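Down below is the structure, laid out as structure tokens.
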Amino acid sequence: MEIFSALSFVLTSPMLIVAILLAAVVGMIVGAIPGLTAAAAIAMLLPITYYMDPLFALAFLYVIGKSGRYGGSIAAILFNTPGTAASAATQLDGYPLAQQGKAGKAMKVATISSVIGDFMGDILLIVGVGAIASVALRLGPPETFAIYFTAFIVIGSVIGKSIAKGLISALLGGLIAMIGLDPISGEERFTFGVFDLTNGIGLVPLMIGVFVLGEVFDQMEKRNKRMAALNTKAYDKNNDGLTWEEYKPCLPHAIRGGFIGSCIGILPGLGSAIAAFVSYGEGKRRAKKPEQWGKGALEGIAAPESANNAVSGPSMAPLMTLGIPGSTIGAILLGVFLIHGIQVGPTLFLTSKELIYQLFACGLIGIAAYGLIGYFGASQVAKLIVRIPQNVLYPMIFLTSFIASYSARGSMFDVLVMICAGVVGWFMRKYEFNTAAFIISFVLAKGTEESLRQSLLMSDGGLMVFIERPIALIFILLGISVMLLRIRSIRRERNQAENKELNNA
Amino acid sequence: MIRKSFVFAISSALSLTIFTSTIAKASDYPRRSINVVVPYKAGGGTDAYARALAAAAKGTINAPLVVVNKPGAGGLNGAQSTLGARPDGYTIMLTSGGSFLLSTLTRNTKIDALKSFEFVGQIGQLKTSLIVSNDSPYKTAQDLINAAKDSPSTLRWAHSGRGGFHYIAGLGFLAANGIEAQDVPFKGGGPARAAIMSNQTDFGFIGIQQLKGFEEQLRGLAVNASTRDQKVNSVPSFKELNIPYSNISSPVIILAPKNTPKDVITYLESSLKTITKKPIFVEMLSKRGTAPAYLPAEDTQNVLMEMKSDILPILENLKK
């Protein structure tokens with residue numbers, strides 16, 4: 001097994017270990033700051049890696065990507081503002097937990113689950129890189145569309161209390177995603193002649209606006225109502241520790257999340273955010289107490305956190321063997337390969353086998369590093385953060401959101417988008433629309449549209465292409481059955497509620 | 001002795017002033033990293049040039065070049081964002097000139113490839129090619145043409161986005177041979193290559209350099225040019241096969257937003273000249289199957305202008 005010799009090589013080179021530790025810390029920090037994504041950090045650090053040895057450069061960036069996906073959970077839990085899109089699902093239960101004084105506990109669950117998911121993904125990558133690549137290669141536009149279709153349905157269970165409001169939120173997200181240039185023909189849509197809109201709406205400013213600024217506005221409004229109620233409770237010493245009994249019910253969710261994340265990682269382009277939401281949706285559907293989800297269930301953290309990290313490993317397979325980057329981080333890593341003259345492609349495992357396994361080994365060590373630092377450090381961070389009074393903390397977050405939305409693309413227009421999205425996000429909160437459904441359908445809509453229209457071009461506009469191709473058919477059927485199950489459970493809930501009312505009356 | 005040191009002092013003071021004055025001008029720019037917008041996905045042919053440029057710029061341009069991939073809509077997404085950027089030299093675009101020109105001609109856009117930007121220079125040239133997967137029944141370009149003639153409009157072909165030069169060259173090839181096939185656009189060369197490789201489509205037009213590393217999976221049927229490619233010379237050219245085609249290629253050019261200061265453009269232009277000669281640049285491109293081809297700003301503009309007059313009749317023909 002190449003991986004063991006690679007592991008021993010990495011473990012015996014102190015400089016590499018230092019780079020991995022550094023990357024773990026950097027990733028956590030950028031991940032935790034809303035708007036500053038791991039992808040942005042990697043892009044910024046990319047020039048430095050020119051001067052590094054290829055393994056150094058790749059390991060450094062690869063580990064930042066991993067720990068950045070995890071770091072996003074910190075802000076999601078503490079401030080209800082996800083550090084990255086991938087952790088938007090984590091805040092659904094993370095923030096309620098923090099309000100109950102269980103921030104430390106929540107963060108430990110996030111850490112353990114991220115580590116589980118990440119390990120699962122990496123092991124799948126190491127064991128089955130060849131198989132993953134051949135699977136990825138068989139996924140053409142029809143299959144991709146079928147998977148998006150299923151993802152949309154599974155994510156439907158995060159829609160929340162009101163189905164109508166959830167659907168409206170999701171539709172709004174999809175509509176916003178349509179702004180810009182048509183992905184197939186390149187014509188302008190919904191731009192109203194405004195030049196800046198032709199670039200479309202960026203995910204980063206939209207997300208910061210809806211989640212971060214929306215939250216700040218919300219806190220501002222609530223300020224008079226409940227004076228610092230959160231402050232005294234956010235960190236409770238007695239609720240810091242995590243017992244095995246508490247984590248035990250989370251474990252199946254973490255493992256399922258790891259599995260879902262790994263599968264989504266194989267598909268180029270779907271990414272961590274979608275994995276997290278699919279895992280959350282599926283976890284909620286199968287949960288013993290689904291009514292607890294969204295109100296502070298530890299399982300509700302385990303499921304998305306494990307899934308978003310599990311994406312990291314398998315997404316390397318289509319990247320390295322097919323040259324298709326599955327994410328922004330993937331695209332940048334591809335750049336690093338190219339810069340160092342490593343020919344990405346099916347022959348990579350023949351030409352640079354040693355390097356690749358050493359990179360995988362670095363990934364494994366990186367997971368352990370952010371896991372340990374996170375487990376013991378994150379609650380310290382929580383302790384520190386809750387000491388900051390709210391009237392200092394929220395203005396700080398407010399400022400950061402401006403800086404982050406500007407710096408992502410250096411565009412003032414993005415700041416404007418962020419402010420508008422903030423107001424929208426605030427109203428959505430106020431009237432109980434679903435911000436998570438809004439963002440996730442924004443993320444999903446683009447890929448869905450593109451793959452649907454590519455498929456239709458392949459089939460001269462016929463829908464048979466989704467039925468004739470076995471993989472596509474399986475996913476379509478899966479999506480439909482999830483939808484039927486969901487309709488049944490909603491009806492059952494409704495009947496139960498009606499019976500209750502009858503009994504009460 | 002005194003005189004000597006005096007002379008030395010004067011001359012060193014002088015050279016220092018000259019030195020500092022040139023530095024002073026150059027030190028105004030660049031003061032921070034320069035964003036190089038690549039309107040295609042990472043991993044494609046144009047992207048390779050940007051990555052090589054960014055790596056080789058070290059020591060010539062005193063700030064890192066940060067490659068920003070903004071794919072979509074045949075390169076117009078990135079062009080539009082570059083156009084919207086402040087013309088301060090901190091945002092420039094590296095694009096596939098042919099694709100960019102075609103996009104501006106075929107799409108409803110206000111961008112004029114020849115007028116909307118300041119030209120900085122050309123650093124390379126990309127050629128497209130007719131490619132099939134290795135298990136495809138078509139062994140030669142003629143096989144494919146015959147198959148398309150036998151069953152019209154049943155074949156599908158992949159490319160990296162409508163309005164890109166691969167797409168137009170593909171259309172040109174189809175029209176010139178009197179055959180019809182449905183195109184399926186993908187976002188960038190990498191995904192298009194994967195689609196050809198996995199037989200999602202019957203053939204495709206992608207950059208000849210995209211064959212590198214995928215020799216076992218892909219079969220190059222012909223290069224869309226009069227001569228074989230310097231690097232991938234196992235693939236015959238359309239001309240030597242006596243198959244009609246449209247002579248459309250794409251120079252890799254660098255543009256800056258309109259009204260970028262003249263001295264910034266000149267600085268970048270001369271830097272490009274130096275960088276494209278560097279062994280590291282040549283070597284990096286060679287690994288990716290391409291080669292540098294430098295042209296100063298004015299010549300770059302002329303090349304594009306000539307190409308425009310060549311393309312317009314072809315476009316008219318395609319409309320029919």
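For all residues, glycine too, the Cβ spot is worked out from N, Cα and C.
Any TrEMBL annotation is an automated prediction that lacks curation.
Given the ranges A:322-343, A:432-453, the record in TrEMBL names A:322-343 as transmembrane segment. Here the transmembrane segment (A:115-139) sits apart from the transmembrane segment (A:197-217); fewer than 3 CB pairs are under 8 Å, leaving out pairs fewer than 6 apart in sequence. When pLDDT is averaged over the domain 'DUF112' (A:17-440), the result is 83. For the transmembrane segment (A:167-185), same-chain residues at least 6 beyond its ends with a Cβ under 8 Å from one of its own Cβ atoms are 159, 191, 197-201, 206, 428, 433-435, 437-446, 449-450, 453-454, 457.
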